[in-house]
Amino acid sequence: MPGKHQHFQEPEVGCCGKYFLFGFNIVFWVLGALFLAIGLWAWGEKGVLSNISALTDLGGLDPVWLFVVVGGVMSVLGFAGCIGALRENTFLLKFFSVFLGLIFFLELATGILAFVFKDWIRDQLNLFINNNVKAYRDDIDLQNLIDFAQEYWSCCGARGPNDWNLNIYFNCTDLNPSRERCGVPFSCCVRDPAEDVLNTQCGYDVRLKLELEQQGFIHTKGCVGQFEKWLQDNLIVVAGVFMGIALLQIFGICLAQNLVSDIKAVKANW
């Protein structure tokens with residue numbers, strides 16, 4: 001009888017996983033670079049790039065930081081995943097997996113701590129908002145962010161309109177010469193749907209009125225309470241978004257690790 005020849009299939013790198021990871025990270029890389037470019041452009045417009053000390057001069061949060069940090073992280077991850085998959089570089093793929101895993105566990109830890117220490121988080125949020133209320137006129141991006149939050153959640157200040165007493169332009173002291181004295185920003189005002197033109201002076205002198213009278217002109221609920229209410233009302237949607245992000249991260253880690261295993265198996269047969 002003629003001898004039987006056995007054919008062994010040599011291990012190979014899966015093309016589907018490789019190019020899916022490559023394509024996914026190309027998009028991630030481009031988006032990260034776009035975010036980073038927007039952040040740097042915004043800093044350039046505000047003169048921050050020519051005066052780095054301006055970063056620490058602002059008393060509140062500079063929203064541009066969000067673009068720079070998120071864009072930077074996305075760019076680094078996208079670069080590592082994209083080049084790692086294309087060049088079959090196990091170091092970059094492992095870096096991608098570890099970095100993504102670290103972000104995942106930080107998100108998980110933050111979520112657990114936020115649930116366990118709810119009261120502490122609420123106090124820190126109050127403090128954070130009030131620090132930004134103080135710096136309201138210091139930075140146009142911060143001002144726009146606060147106005148957006150107050151309009152979106154129909155709120156005013158961290159706990160209420162009187163938090164605006166912390167701002168030098170809106171406080172009620174006799175030494176305050178500002179026309180905005182004892183007022184609030186226009187974003188606190190109850191908007192009339194019939195009004196076509198925004199009245200930016202609607203909050204002037206409003207805190208001189210009694211609290212019951214104020215309710216007809218401005219939102220009297222604090223943004224911390226309104227944010228908590230919004231979270232409760234949209235809990236399923238918010239949880240779904242975070243679950244989707246978490247699953248995407250886990251999928252990316254598994255895909256990268258699978259690709260690393262394939263590459264090692266191929267190299268072992270050289």
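Cβ coordinates come from backbone N, Cα and C, glycine included.
Features as listed in Swiss-Prot:
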- CYS155-CYS223: disulfide bond (DISULFID)
- CYS156-CYS188: disulfide bond (DISULFID)
- CYS172-CYS182: disulfide bond (DISULFID)
- CYS189-CYS202: disulfide bond (DISULFID)
- ASN51: N-linked glycosylation site (CARBOHYD)
- ASN171: N-linked glycosylation site (CARBOHYD)
- 1-19: topological domain 'Cytoplasmic' (TOPO_DOM)
- 41-63: topological domain 'Extracellular' (TOPO_DOM)
- 85-94: topological domain 'Cytoplasmic' (TOPO_DOM)
- 116-234: topological domain 'Extracellular' (TOPO_DOM)
- 256-270: topological domain 'Cytoplasmic' (TOPO_DOM)
- 20-40: transmembrane segment (TRANSMEM)
- 64-84: transmembrane segment (TRANSMEM)
- 95-115: transmembrane segment (TRANSMEM)
- 235-255: transmembrane segment (TRANSMEM)
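Reduced to three states, the DSSP call for CYS189 (disulfide bond) is strand. Taking the C-alpha atom of CYS155 (disulfide bond) as reference, the shortest distance to any of the recorded positions ASN171, CYS189, CYS202 belongs to CYS189.
Candidate recorded positions: ASN171, CYS172, CYS182. Nearest to CYS189 (disulfide bond) by Cα distance: CYS182.
DSSP places the residues of the topological domain 'Cytoplasmic' (85-94) in helix, strand and coil in these numbers: 8 helix, 0 strand, 2 coil. Within the chain carrying the transmembrane segment (235-255), a Cβ under 8 angstroms from the stretch's Cβ atoms is held by residues 17, 20-21, 24, 81, 96-97, 100-101, 103-104, 107-108, 111, all 6 or more beyond its ends. Close to CYS223 (disulfide bond), meaning Cα to Cα within 10 A, are none of the recorded positions out of ASN171, CYS172, CYS182, CYS202. Here CYS202 (disulfide bond) is positioned 13 angstrom away from CYS156 (disulfide bond), judged by their C-alpha atoms. The separation of CYS202 (disulfide bond) from CYS172 (disulfide bond), Cα to Cα, is 17 Å. Broken down by DSSP into helix, strand and coil, the topological domain 'Cytoplasmic' (256-270) contains 13 helix, 0 strand, 2 coil.
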